[in-house]
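Here's what TrEMBL has on this protein:
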type     : residues : note
COMPBIAS : 1-44     : compositional bias 'Basic and acidic residues'
REGION   : 1-55     : region 'Disordered'
TRANSMEM : 71-88    : transmembrane segment
TRANSMEM : 95-118   : transmembrane segment
TRANSMEM : 178-196  : transmembrane segment
TRANSMEM : 203-221  : transmembrane segment
TRANSMEM : 262-280  : transmembrane segment
Amino acid sequence: MGPDDKVPDDKGPDDKGPDDKGPDDKGPDDKGPDDKGPDDKGPDDNGPDEDVPPVMGERTKMFILSMYKNWLYVLTYIIGAVIISIRFGTHKWKIVNAFNGIITIIVAIAVGWGVHYVSHNVSFVDMYKLTPIHKIIKEHLAIVDWVILRICKIIDFHDTDHHDTTINKRWVNVATEFIQNIVTTSISFIIVNIICDLNFNNIIILSYGLIYAITHNVLYFEGESLTHIQHHEDKYTNYGLDFVDILMGTKFDKTIEPYNHHSYLVAGVYATLYALLTIIT
């Protein structure tokens, strides 16, 4: 062989065998600076946060279960709202009136929850006393200050007196709570509906207030429900209705309140209003 001839097993400086690696050659187990293995995470790669449970998934399941368990109650509410709306609706198309009735009862239930939430999370007496004008009124118009404070105390009645177990069973307090429930959940909503021309069905709004007040002050008075007892243990939970608390995350625990046995009350209120309005109109 000449000086430039190579035997078959010789390798030149640039010739690589199967086990040799050049500086840029990566084997199956080698990783470069930008190469990520299956367990590696880049700076923007976030794994599941174990501290954040899938709350909405759990709430959705509980909501569906609540609807399923209380199907008769929900169905009675919807059918009653549709019948009332078709009979006393103002639109020329019955389907529009029916749809308006369903939307109205949904909004009324949401407003009822919101009113109850505010009553326990806002003290109107404290809020008034913190305003700069309170000191001026108190110094120069004492009688006006007294009237304003009395009104604020009436608004705060549910949070203060009704949740005082030593006095909340007195008939005068039960009657006051009954009237306040109707005023806050129905009458005030009807006034806003008329002033702002929102086109919700006022009869449906009134029916919800009556159903809520009777349930809260008569049925719960005669036979307490677990969720209502829990609400009086922790006033920042179980505002009602139960499926709204599930959606809003304000449940005391995962106990689902049964409502089907109150379906007769819903039907009775709707039937009474229907009969009275038929006579009047």
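Glycine too: its Cβ is placed from the backbone N, Cα and C atoms.
Counting residues 6+ beyond its ends, the transmembrane segment (71-88) has Cβ neighbours under 8 Å at 94, 97-98, 100-102, 104-105, 201, 203-204, 207, 259-260, 262-263, 266-267, 269-270, 273-274, 277-278, 281 in the same chain.
Non-local neighbours of the transmembrane segment (203-221) in the same chain are 80-81, 84-85, 88, 101, 104-105, 108-109, 112, 169, 174, 177-179, 181-182, 185-187, 189-190, 193, 228, 240, 262, 265-266, 269-270, 273, 277; each lies 6+ residues outside the stretch with a CB under 8 Å from one of its CB atoms. Within the chain carrying the transmembrane segment (95-118), a Cβ under 8 angstroms from the stretch's Cβ atoms is held by residues 77-78, 81-82, 84-86, 89, 158, 184-186, 188-189, 199-201, 204-205, 208-209, 212, 239-241, 244-245, 248, 250, all 6 or more beyond its ends.
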